[in-house]
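Peer 1: Structure in structure tokens, see below.
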Amino acid sequence: MSFRVVRSSKFRHVYGQSLKREQCYDNIRVSKSSWDSTFCAVNPKFLAIIVESAGGGAFIVLPHNKVGRIAADHPLVGGHKGPVLDIAWCPHNDNVIASGSEDCVVKVWQIPDGGLSRTLTEPVVDLVFHQRRVGLVLWHPSALNVLLTAGSDNQVVIWNVGTGEILVHIDSHPDIVYSACFNWDGSKLVTTCKDKKIRIYDPRSGELESEAMCHEGSKATRAIFLRHGLIFTTGFNRSSERQYSLRAPDALNEPIVMVELDTSNGVMFPLYDADTNLIYLCGKGDSVIRYFEVTPEPPFVHYINTFQTPDPQRGIGLMPKRGCDVTTCEIAKFYRLNNNGLCQVISMTVPRKSDLFQEDLYPDTLAEDAAITAEEWIAGKDADPLTFSLKGGYVSSGNTTLSVSKKANILNKASASRGGGGGPLSGGNHSSANNNDSNDANQSAAIFSEKDHRNILDEIRKLKAIIVKQENRIRALEAKVNAAAGDETDARNSNKNGSGAAAAVESSSSSQPAASESANDHSTAKDNAHEDD
């Protein structure tokens, strides 16, 4: 007698359940771009969806409590001049989101708590380098401020968002980069390209470590690093059948597993849950979500189940584990975009009878804090992402402000000495959320007073000395001008006095002969009169 042994797994009975329509988000004009992107990003505070927008590109940001029908004139994030192609929330700050667009610019935005009250058009920082559209943005898992961007110009750039400068530039791809993913601690980078190859890089130096043929089909491929170092890929074979594979980084040419799924045309997006080692495959245009479990024993990738819906999907987003409800044994939550403008919320749940916290379902998950800074990472330091326990629930930290400190111009001493410079992009802390902002402010104030106070005073003294010197010079010049003007006035007056005296002398000399002539005439008249007598 033969019998079949069922594999033991705590996720064997995971099931998906869609929330009611009034608990979902309706009337959203999802982007109609043909770019292979998920069009959706979600974190415990907000839901962001790329939407259609006239006169440029935009995406909408909704708080999770704003469910139901969304008004047509709802405020957007709309600073791009071309359609937005990809968006990604910062894992270390739930209020910061990055967006890439066809206008070749990457913008980083600060979203206020409670959502937007008016359309946001001014980003915190613009990252300008790419010469063609930017279709991929990706944050580093453990280093603060580190953002990867890839564009249709075949360039991959890693930025320090806190300073707005480029850390690494990788230009060895011969064609468009389809996907990129860091490993667990961010020390390796895997990319897939239009030339059908998969590549592994050292993200600090940009050095190519290995490459191999990924999938033989010409359509887009995707690759992600799993927590324990293996690489999971999705793509197409020569017959346009969709397939997935599992590979080891040191043997990319020899897949551990290569399985054909179906003959659909949509690109499959692998969404990975590192806590449970579950992979969810969501295809563009599909009406199903397949989920698999990765284990050390053959066949390594185990099919669990399929969640089916009646409508095809245009995009999808996966909530981080911090946003899941541990009281109902929810292990994943999806935000699924339909063609009819509905964002459907799907909850994946493990059936358990007990209401207590299930430690086997919820190991320590990714925290909101960054393990290292961008400067430490680029200097060669590696660190696993910080984790914390969900027991007792997750409490989000308050609004944290993103500040960018541009490097000062060395030719401008005054500005260089005054530039205390905002700190890097700061993430919250779930354990000390109430004290972070005040502590950071006090530390920055102390650092400023110690380092820059004397320099500022010296600059002020120099400026005062320059002002006094210029004032004395101006007074001296005014005195010279006044003296020259006085001499000229005296000369003019003397000239006037001399000409008046000469005129008087002439008038007196001319009057004397006339008087003598008149006297002579008078005497002559008298003599003539006596003679007549």
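Glycine too: its Cβ is placed from the backbone N, Cα and C atoms.
Okay, so TrEMBL annotates it like this:
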type	residues	note
DOMAIN	4-68	domain 'DUF1899'
REPEAT	77-119	repeat 'WD'
REPEAT	127-169	repeat 'WD'
REPEAT	170-211	repeat 'WD'
REGION	415-441	region 'Disordered'
COMPBIAS	427-441	compositional bias 'Low complexity'
REGION	486-533	region 'Disordered'
COMPBIAS	501-518	compositional bias 'Low complexity'
COMPBIAS	519-533	compositional bias 'Basic and acidic residues'
Peer 1: Could you give the number of helix, strand and coil residues in the repeat 'WD' (127-169) as assigned by DSSP?
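Peer 2: Breakdown, helix to coil: 0 helix, 25 strand, 18 coil.
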Peer 1: Write out how many residues of the repeat 'WD' (77-119) are helix, how many strand and how many coil, based on DSSP.
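Peer 2: Across the repeat 'WD' (77-119), the residues distribute as 0 helix, 22 strand, 21 coil.
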Peer 1: Mind checking how the repeat 'WD' (170-211) divides into helix, strand and coil residues in DSSP?
Peer 2: 0 helix, 23 strand, 19 coil
Peer 1: Could you count the residues of the domain 'DUF1899' (4-68) that DSSP puts in helix, in strand and in coil?
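Peer 2: Helix, strand and coil residues of the domain 'DUF1899' (4-68) number 3 helix, 24 strand, 38 coil.
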